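J.: To start, I am sharing the structure in question, which I have written as structure tokens.
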Amino acid sequence: MYGIEYTTVLFYLISFVLVSYILKTIIKIMDYIIYRITFVIVVLSVLSNAQNYGINLPITGSMDTAYANSTQDNNFLFSTLCLYYPSEAPTQISDTEWKDTLSQLFLTKGWPTGSVYFNEYSNVLEFSIDPKLYCDYNVVLIRFVSGEELDISELADLILNEWLCNPMDITLYYYQQTGEANKWISMGSSCTVKVCPLNTQTLGIGCQTTNTATFETVADSEKLAIIDVVDSVNHKLNITSTTCTIRNCNKLGPRENVAIIQVGGSNILDITADPTTSPQTERMMRVNWKKWWQVFYTVVDYINQIVQVMSKRSRSLDSSSFYYRV
């Protein structure tokens with residue numbers, strides 16, 4: 001009997017020693033693996049210099065939020081300026097190095113060489129369709145031409161504000177404007193827009209829906225027209241479809257990185273009286289028309305005062321911002 005008890009005690013002692021040895025071996029192996037992995041991670045981190053990304057956080061706010069004026073002294077060292085001008089300007093200047101000359105003059109005002117971009121456009125229509133407002137600050141020179149006051153005024157309303165637009169199919173649907181910020185924008189080489197307001201029975205009010213000659217004309221042979229009709233009333237529309245397009249748009253707010261300089265004209269065109277234009281700092285100004293060199297010299301001289309009433313934006317804006325923006 002004593003032999004059996006000694007054997008049992010000896011078995012448990014051997015088992016305990018064996019288990020202890022196995023556990024110590026496992027711990028040593030785990031320590032070795034952990035130390036190795038830690039060492040590899042540290043070495044790779046030093047060598048890779050990678051960005052550390054955290055968890056995915058929800059994005060709040062809108063890119064179209066109207067930012068406070070961010071222009072500060074010496075801010076131009078890391079800002080870009082786009083200057084837009086009609087094609088008649090370089091034709092009159094007739095100097096192949098005129099842009100280099102202006103770049104050197106802008107340098108004296110704190111704008112480094114390479115930060116100012118010169119962009120030419122042929123006419124109001126071309127610019128309104130595809131403005132390419134890509135810079136931190138965008139200054140547009142518009143030559144005042146008698147007879148085109150309305151096109152210029154509406155171009156100013158278009159590019160000084162953000163618009164959200166959708167195409168309109170006027171052959172299939174009636175349309176109504178839902179508020180003061182809701183407008184119809186037509187563009188083309190010659191836009192004539194006619195409307196017929198409808199009652200609740202879809203019968204014309206003062207017009208016949210089957211006879212476009214009875215429709216009211218709201219735009220006649222214009223390149224750019226921003227149409228405003230009575231809100232909450234359906235309208236049947238008719239346009240010169242071969243030379244014109246029309247879109248249903250909502251004005252979202254001011255596009256604060258754009259300023260317009262009217263060149264010539266007895267009075268400056270004013271769009272701030274529009275009830276859809278929120279109170280804002282005037283970003284449309286006028287300079288006297290003499291010669292294009294004189295105009296550009298004036299712009300260079302006052303460029304820093306001009307951008308002080310603007311706000312730098314962090315993204316590019318082009319025609320998509322008021323056509324199919326989402």
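Note: Cβ is positioned from N, Cα and C throughout, glycine not excepted.
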J.: Can you look up which of CYS135, CYS244, CYS249 is joined to CYS191 by a disulfide in Swiss-Prot?
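T.: So the cysteine that Swiss-Prot bonds to CYS191 would be CYS244.
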J.: In Swiss-Prot, CYS249 sits in a disulfide bond; tell me which of CYS82, CYS135, CYS165 is on the other end.
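T.: Cross-referencing Swiss-Prot, the cysteine bonded to CYS249 turns out to be CYS165.
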J.: Need a hand: Swiss-Prot gives ASP228, VAL229, ASP231, ASP301 for Ca(2+) 2, which of GLN92, GLN104, GLN177 is also on that list?
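T.: Candidate in the recorded Ca(2+) 2 site: GLN177.
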J.: In Swiss-Prot, CYS82 sits in a disulfide bond; tell me which of CYS135, CYS196 is on the other end.
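T.: Recorded disulfide partner of CYS82 in Swiss-Prot: CYS135.
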J.: Roughly how many angstrom lie between the C-alpha atoms of CYS207 (disulfide bond) and GLN177 (Ca(2+) 2 binding site)?
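T.: That comes out at 19 Å between the alpha carbons.
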J.: With every protein chain in view, what's the tally of Cβ atoms within 10 Å of the Cβ of GLN177 (Ca(2+) 2 binding site), excluding that atom itself?
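T.: Step by step: centre on the Cβ of GLN177 (Ca(2+) 2 binding site), count other Cβ atoms within 10 Å, giving 21.
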J.: Identify, in sequence order, the residues in the chain of ASP301 (Ca(2+) 2 binding site) that are 6 or more apart from it along the sequence and have a CB within less than 8 Å of its CB; answer 'none' if there are none.
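T.: In sequence order, the residues whose Cβ lies under 8 Å from that of ASP301 (Ca(2+) 2 binding site) (at least 6 apart) are LYS109.
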J.: How big is the Cα-to-Cα gap, in Å, between ASP231 (Ca(2+) 2 binding site) and CYS191 (disulfide bond)?
T.: 22
